[in-house]
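Asker: I grabbed these lines from TrEMBL:
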type: ACT_SITE; residues: H294; note: active site, proton acceptor
type: BINDING; residues: Y66, Y172, R207, H294, R297; note: glyoxylate binding site
type: BINDING; residues: P120, S121, A122, T198, K270, S292, D325, T326, G327, I328, R329, G348, R349; note: FMN binding site
type: DOMAIN; residues: 40-398; note: domain 'FMN hydroxy acid dehydrogenase'
Amino acid sequence: MPIPQKQFYVCLVVTTVASFVVLRRYLQQKKKKLEKEQKKAYLKCKTLFEFEALAKQLMKPHRFYYYDYKAGQGHTFQASRDYYDKQLKILPRALMHVTDVSIKTTIFGSTYESPIMIAPSAFHRLAHNDGEVATARGATEADCIYTYNWLYSTMPEEEVLKTAGPKFLHVYLTTPSEFLEKILSEAEIKGYRAIVATCDHPTDRVRNTVVPIFDEASKTVDHDLTQCMCMPNMNLKDVVNKSTSGVSGSVTWAHIDSIKKLTQLPIICKGILSPIDAQLAIEHGANGIVVSNHGGRQIDTAPPAIECLEDIVNVVNGRVEVFVDTGIRSGTDVLKALALGARAVFIGRPVLFGLACGGSDGVKTVLNMLKQELTYDMACCGLTSIDQINKDILYKHT
């Protein structure tokens, strides 16, 4: 017998609704499975380059662009990579006793578990909702120093300081004086070990390039963007549309003189490439220098920091401690930097990519990968301690 028309439509509706429910449940389960797989995908990464590729895949394009941004055509950064890969070659040794390799080092007289530190960087909630807290936690678990960017932190300082690991405090010399004086005078009490001051930031190039892109994204494809870029330490909720500091070009060496009066902690001048500036940093009371081209973000076709390192080390001649950053992507690169005289290295973008891929666990994995690679390479060179590293391990380097 034919089904009455009314019953037919009832059956059709019921079947359609049931199919929709089943399909919806299937898609939800598939989405959860995909999200779960993505959260663990970083565990398959074997190099920091794979972390970068995964972060690019997981992050919204404009967020990744901010981390990856390079001035001009990116020649400065690429030159850094080329110098590590093509100009510096390691000469291994054979039949050396290397059963116990230690990567412990001393910085300003204190002993640390490794010469690998996290460089100051901004807006960590672009990568992960726990932001700087997750980064600090990852650094703690990996026994590495974390340099906290007070001004551009997206998490309150008090939350970050709840993590137990050693920390340096990073400041911009353009920070409004009422804030700068307060944070520096309290830094030692809060447990910071040193002050890192950026000295190579005379313009707002990065901000002026990125803000229009972020402004458009916040209105269209990324409605959470503004919230992810809040600056709680400055009580600012909308960094996209508000200026956050003074005039960048107005800072001079006199600012280093000023901050020296506010703290007893070691002062590290970050962003030095010229031997002339290295000498000036010492004359104005710096205790350390970071040889850095700001990750290639400030000016294109600047020399690689690693290429400038040896000249700075020679000018300094042991008077202050010298560090280096930019372009370091393996423990092998760390070893080369130490061989040229760096006391330790700062790691920037790879930490952010680790944060984007796996939160605090991703940060820890990135740092531990560098530490393990450094240990392997030291053993291959017949070295069992950091103080044994020198230029002798570099093939035909003069």
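Heads up, the Cβ atoms here are built off N, Cα and C, so glycines get one too.
Unlike curated entries, TrEMBL annotations are predicted automatically.
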Asker: Checking the contact step here: among the binding-site residues A122, D325, R329, which have a Cα within 10 Å of the Cα of H294 (active site, proton acceptor)?
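Answerer: Taking A122, D325, R329 one by one, the ones whose Cα falls within 10 Å of H294 (active site, proton acceptor) are D325.
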Asker: For G327 (FMN binding site), which of the binding-site residues Y66, Y172, R207 has the nearest Cα in space?
Answerer: Y66
Asker: Restricting to the domain 'FMN hydroxy acid dehydrogenase' (40-398), report the mean pLDDT as a whole number.
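Answerer: Residues in the domain 'FMN hydroxy acid dehydrogenase' (40-398) carry a mean pLDDT of 95 in this prediction.
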Asker: Expressed to the nearest Å, what is the distance separating R207 (glyoxylate binding site) and R329 (FMN binding site) at their Cα atoms?
Answerer: 25
Asker: Using Cα coordinates, what distance in whole Å links A122 (FMN binding site) and Y66 (glyoxylate binding site)?
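Answerer: Rounded to a whole number, the Cα-Cα distance is 10 Å.
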Asker: Starting from the Cβ of the residue listed as 'active site, proton acceptor', draw a 10 Å sphere and report how many other Cβ atoms land inside it.
Answerer: 26
Asker: Can you tell me how many other Cβ atoms are located within 10 Å of the Cβ belonging to R329 (FMN binding site)?
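Answerer: Result for R329 (FMN binding site): 20 neighbouring Cβ atoms inside 10 Å.
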Asker: Including all protein chains shown, what's the count of other C-beta atoms within 10 A of the C-beta of R207 (glyoxylate binding site)?
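Answerer: R207 (glyoxylate binding site) is surrounded by 15 other Cβ atoms within 10 Å.
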Asker: Sorry to bug you, but what's the C-alpha spacing from P120 (FMN binding site) to Y172 (glyoxylate binding site), rounded to the closest Å?
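Answerer: Answer for this pair: 11 Å between alpha carbons.
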Asker: To the nearest Å, how far is the Cα of R329 (FMN binding site) from the Cα of R297 (glyoxylate binding site)?
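Answerer: Just about 17 Å between their Cα atoms.
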Asker: My understanding is the cutoff is Cβ-Cβ under 8 Å with a sequence separation of 6 or more in the same chain; which residues meet that for Y66 (glyoxylate binding site)?
Answerer: F123, L126, V210, F214
